[in-house]
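Encoded as structure tokens, the structure appears first; notes follow it.
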Amino acid sequence: MATSSMKSIPMAIPSFSMCHKLELLKEGKTRDVPKAEEDEGLSCEFQEMLDSLPKERGWRTRYLYLFQGFWCQAKEIQAIMSFQKHFQSLENDVVLATIPKSGTTWLKALTFTILNRHRFDPVASSTNHPLFTSNPHDLVPFFEYKLYANGDVPDLSGLASPRTFATHLPFGSLKETIEKPGVKVVYLCRNPFDTFISSWHYTNNIKSESVSPVLLDQAFDLYCRGVIGFGPFWEHMLGYWRESLKRPEKVFFLRYEDLKDDIETNLKRLATFLELPFTEEEERKGVVKAIAELCSFENLKKLEVNKSNKSIKNFENRFLFRKGEVSDWVNYLSPSQVERLSALVDDKLGGSGLTFRLS
């Protein structure tokens with residue numbers, strides 16, 4: 001995939017930290033102003049907008065804000081606003097959507113390899129395949145963490161078709177930008193129990209130094225109240241689930257557990273949805289199996305690029321790969337927590353037809 005060039009939106013208004021310092025100077029105070037990393041580069045105008053939003057304790061930053069009906073960080077809101085204002089979809093665009101820690105890295109690797117298998121043969125691949133030198137997040141960039149981060153407006157004109165992007169946005173906040181005919185959305189979700197445990201581990205690994213670690217019980221309470229990045233998780237899942245039932249040609253819904261159970265069958269389904277089905281000859285040559293093995297959690301985790309490099313917002317790639325298992329939650333949740341989350345899932349997802357395998 002070609003690398004897009006970036007240009008920043010000029011900031012005519014001083015940063016929030018500078019505004020705050022000016023206010024203190026007017027009051028005759030000259031001490032240094034404590035400043036969190038998440039406030040860097042935010043304008044006074046933007047900070048005023050943030051101050052008007054409901055907020056809760058964050059997982060890896062001080063706060064999460066309720067924006068467009070979901071919870072996210074300040075810098076994410078800045079990027080989302082730029083994306084929604086400037087992104088222009090094209091026919092044949094592919095958008096991969098997930099809630100955090102539900103198999104995003106795996107989905108990116110699988111989709112990239114399916115779409116580019118005629119350029120990079122997975123059967124004959126040695127170290128020349130892009131996955132050996134690039135993390136999947138570099139091959140399929142996020143709207144909110146890469147392309148439009150910090151309010152940037154990227155030039156996407158040089159990207160080869162089909163352009164492939166990723167997002168954690170709920171469907172309601174993505175819908176208007178992907179309505180053009182031919183744009184396809186692939187959604188991957190994971191059972192809420194494992195998603196929670198994976199999120200808790202990951203956020204404590206990458207949290208800001210100014211934020212204390214979130215304890216398991218604290219995180220669990222926030223999660224059950226819907227306060228997690230891009231949550232509530234049930235609304236995120238149901239948004240894509242219902243759209244996939246309404247428009248299966250537009251939105252393809254996958255479960256992490258189904259991929260673990262039968263990766264090859266689901267790869268065939270995914271390729272067909274992307275209008276690049278595997279031929280009989282490809283199946284005889286073992287292309288489907290080769291893609292599954294190349295993109296497997298075990299293989300990706302052992303690659304040097306995923307051990308030492310950084311991709312998303314300078315977070316170390318190694319934190320993206322922990323266990324990749326189903327039912328790891330049994331090692332962490334108490335009986336009362338299992339009961340609470342089970343009741344919540346039944347209440348929020350009951351009657352929708354959306355169910356999960358937990359073990």
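We count from 1, first residue shown onward.
In case you wondered, yes, glycine gets a Cβ from its N, Cα and C as well.
Residues or ranges marked as 3'-phosphoadenylyl sulfate binding site in Swiss-Prot (evidence: similarity to another entry): Lys101, Ser102, Gly103, Thr104, Thr105, Trp106, Arg190, Ser198, Tyr256, Arg322, Lys323, Gly324. Residues annotated as active site, proton acceptor in Swiss-Prot: His168.
Feature annotations (Swiss-Prot) mapped to structure.
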residue	record	Cβ contacts under 8 Å, 6 or more apart
Lys101	3'-phosphoadenylyl sulfate binding site	Arg190, Thr195, Ser198, Ser199, Tyr202
Gly103	3'-phosphoadenylyl sulfate binding site	Leu188, Arg190, Tyr256, Leu259
His168	active site, proton acceptor	Ala97, Thr98, Ile99, Pro100, Thr104, Phe142, Glu144, Gly229, Phe230
Lys323	3'-phosphoadenylyl sulfate binding site	none
Three-class DSSP secondary structure - Tyr256 (3'-phosphoadenylyl sulfate binding site): helix
Lowest local Cβ density among Thr105, Arg190, Tyr256, which the record lists as binding-site residues, within 10 Å: Tyr256
Three-state secondary structure, which DSSP defines for Gly103 (3'-phosphoadenylyl sulfate binding site): coil
